[in-house]
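Summarising the annotation, Swiss-Prot assigns transmembrane segment to 6-26, 35-55, 73-93, 106-126, 133-153, 161-181, 192-212, 229-249, 263-282, 291-311.
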Amino acid sequence: MSKSRDSYFDNAKFLLIFLVVFGHILRSFINDNHFMLYLYKFIYTFHMPAFILVSGYFAKGFKRAGYVKKLAVKLIIPYLIFQIIYSVFYYIMQDESMANVNPIDPQWSLWFLVSLFFWNLLLYPFSKLSKQWALFVSCGIAVLIGYLDFVSSTLSLSRTFVFLPMFLVGFYLNKHHFDLLRSKRGKQIALGVLAAVFVICWGIDFDYSFLFGSKPYSSFGDVTLVSGLSRIGWYVLAFGATFSFLALVPQKRYFFTKWGTRTFYVYLLHGFIIKTLRQVGLEDWLTDYQSLVILLLLTAALTSVLSSNFVKTVAQPFIELRMTSLLQFVRGTGKNAYLK
């Protein structure tokens, strides 16, 4: 890893991708286990908002020449490749509802690639506003967009606007803000906030899919003023939990820090394994609360394997559209890397 890299953000990205995988594994158990449902809601309150905020933090160079072109190559081409691969995979798994090659209807977690591309493009108009107005307008759009039934998962438009405030906040943050979060006092407050958010997820009955940001308010019942207020309330929880999580991320380099540089691989590839586990009925094998430990270990194993040098070597041509790791292995310079 380059010494110029900030271990803090690599740690944050690894922990967040761990939560992404863990959340997807938990999904199979939430219908029959109340605690896992509450834990699932808690994780979904902040794990993607935090990921999106960190993505916004690293989008400060959006005005550089060729930025959009590089972004399209990095996000849109892999999106189209994996849109086809996932559609074929779902067809093989006999999930006809998911076997869809429609390029404007993202398969499962691929929505993030489309939205990330749009968030970067939206920086051009929003950066012309003051920070306060940009956040106010983005939050206003996000609240109002839920009242429009035609804005949904197509082109990931709903999620793009719902999570846009998180991306903008990350864009406006600087290193000093993160230093404040990581202060001793900041960490103490963070623990209290996360505990409070978990209690709210435990005590308030709400549809967990509201946290996805992918559906209009009409999907959850009668559409009233409360619908928009509910989204505002979620923003309070999401930002509070997101900042609290980031306050607790360690700054030192650990064995998992380097894996934080390969979250894109984990994000794109873990869906194949998750779908397979669901297909074989993992929830029928693990039904007790003790299974939570097994699920955590399974998540750790899956995340570490998909972050490995071997997976990078095999998948790099499809994900990064280059063969650097494979060529290094062929030349003999990367053979020992598989064991690292």
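Note: Cβ is positioned from N, Cα and C throughout, glycine not excepted.
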Remote residues contacting the transmembrane segment (73-93) - C-beta distance under 8 A, at least 6 residues beyond either end: 99-101, 103, 106-108, 110, 113-114, 116-117, 268, 271-272, 275-276, 279, 318-321
Top Cβ-contact partner of the transmembrane segment (192-212) among 6-26, 35-55, 106-126, 133-153, 161-181 (pairs under 8 Å): 35-55
Top partner of the transmembrane segment (263-282) among 6-26, 106-126, 229-249 - counted as Cβ pairs under 8 Å: 6-26
Positions whose Cβ lies under 8 angstroms from the transmembrane segment (291-311), at least six residues beyond its ends: 14, 17-18, 21-22, 25-26, 29, 35-36, 256, 258-259, 262-263, 265-266, 269-270, 273, 325, 334, 337-338, 340
Intrachain residues whose Cβ lies under 8 Å of the transmembrane segment (35-55), provided they are six or more past its termini: 9, 12-13, 16-17, 19-20, 22-23, 26-27, 29, 112, 116, 119, 163, 166-167, 169-170, 173, 197-198, 201-202, 206, 208, 211-212, 234, 237-239, 241-242, 244-246, 289, 292
